[in-house]
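Please read the structure below before turning to the comments.
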Amino acid sequence: MQKLTILLLVAAVLMSTQALIKGGGEKRPKEKIRFLSKRKTTAERWWEGECRGWSNGCTTNSDCCSNNCDGTFCKLW
């Protein structure tokens with residue numbers, strides 16, 4: 001009886017893995033991957049010149065890497 005149970009379990013595992021292989025497994029939506037891959041760290045934004053470091057001139061919070069503009073200069077925090 002134990003051998004039959006083990007044999008049935010092995011058969012079920014083999015069938016499920018075969019179904020995953022044929023079906024391509026779990027497919028994640030590409031839009032979600034693209035969205036997450038577009039995010040950059042603060043250092044990457046600064047290195048590529050997309051934001052300004054502290055003590056640089058700014059007009060809006062988005063100008064600063066810290067997202068903290070006092071109206072004239074970027075603040076550190």
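The backbone N, Cα and C atoms fix where each Cβ goes, glycine too.
The cysteine that Swiss-Prot pairs with Cys74 in a disulfide, picked from Cys64, Cys65, is Cys64. Long-range neighbours of Cys69 (disulfide bond) (same chain, six or more residues apart, CB within less than 8 Å of its CB): Cys58, Thr59, Thr60, Asn61, Asp63, Lys75. For the pair Cys64 (disulfide bond) and Cys51 (disulfide bond), the Cα-Cα distance reads 5 Å.
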